[in-house]
Structures are given as C-alpha cells and as structure tokens.
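Right, one structure below, let's go through it.
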C-alpha cells in the first residue's frame, strides 16, 4: 500500500495479537506495527505468524547502540522480510549508516526485499519542556525534528517517524520523496492519551503524511475492522 494505515499491535502476548488480527477478513491485508512489548514477549515467530496471514510488518524496535551492534542487529532484522523498521536518529550518522548496511546485507542473504529504514526524530510524547529541560536541546521541537530528518537523509535512511505537524517542514527541508510516517493520530472523537502532538487522519493527509500509525482507536474499538475502514476512508479522502 502506497500510504498505509499501520495498526499498532500493542498487545502483551502473541495470542492476543493474533486473535485481534483474526477478526479481519482473509482478503483484507493490512500493515501492522510490532513494537518492543510484543516482540520481546513472542520473539521473531510473531513476525512469521503475522506474515502468514498476509499482513505486512513494521518492526518498531527503535535501535540505539554503538554502530557495530546496530549493524549486526539490523542484519538479523533484514532477514525477516519486514516492510519497515526503526532506529534512533540521535545515534548519529555513523550508526544510521551502519544500520542501513546491516539491513541491506541481511535482506540480500535471505533473498528478500530490504526493509525501509525509518529514523526516530522526536517521540510524539516529547513537548517543549522535555526537549529543553530533560534532553538539554535548546530550540523548538520542530527544529530538532527537521535537524534529525536532514541527518537521516544524509545517512541513507528512507524516512523518519515524526508528528504530522512536522511533515511539511521535513518535506521542504529534505524532499517530498523522503517518507514521513506519523504516529499520534487520533480520530476527532478519540482522546489523545499520552501523546502530546496529535492530529486527525484527515489533517495528517493534508499535511502530507506518507503513512499513519494508529493503535488504540482501532485495537480498543468495539468493532476494530469497521474502525479501521472508517479511518481508512477519512485518510484516503
């Protein structure tokens, strides 16, 4: 899918995650995000189980370590056949470049397409106070995000994870072909939960987002499949 809605499978066990996915018709193939909790609980087999159902996987482990360690880990991830994976832009140019090398090498060894490498800029839970006081980064959140996007582009990443509020600034700075995948998306009727920088699907589409990550408004809906379809309609229109 060119502009996917990525369902965040924020479940503690494989059984619950797969039971959720089994509510979707067999001919409705979606993209799902497997994050730290589910991957650490279930291991790589959860990726295979999701793919066996025809769904694409965004493996969101947010790697951030020394370059050699990240390259080795990404070599393993590259063999899994996932569509997207993540690394922290704060790790710097050498680490980001090592991540890309690892992904490409792993995918080539397995004979699969290399995942898109997405760099985490600032989490959508980061506000101005956290940026300035906790991280000791002076300036605005937007300036920090754009800086990390430029770094990611120069380091052969395929895109970034960012708030929809910053997508236009990123595309202006580094080009519209650089992916801006955006969490912090909530339908107008939903609460923002622990997200600080949120936007509706329709507003994110107008802002130029290349994909949306949505969890609770779908996974905790009374009718998840209908919730997904409703959000897809809003996003597509």
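Along the chain as shown, the residues are counted starting at 1.
The backbone N, Cα and C atoms fix where each Cβ goes, glycine too.
According to Swiss-Prot, the substrate binding site annotation covers 10, 33, 60-69, 124, 186, 195, 215-216, on the basis of sequence analysis. According to DSSP, residue 62 (active site, proton donor) is assigned to a strand segment.
Among the features that Swiss-Prot reports, active site, proton donor is placed at 62, with the record citing sequence analysis. There are 15 other Cβ atoms within 10 Å of the Cβ belonging to residue 62 (active site, proton donor).
Here the Cα atom of residue 124 (substrate binding site) is found 14 Å from that of residue 62 (active site, proton donor). Across the structure, residue 215 (substrate binding site) and residue 62 (active site, proton donor) are spaced 17 Å apart at their Cα atoms.
The Cβ of residue 64 (substrate binding site) has 70, 87, 88, 90, 91, 95 as same-chain neighbours under 8 Å, each 6 or more residues away in sequence.
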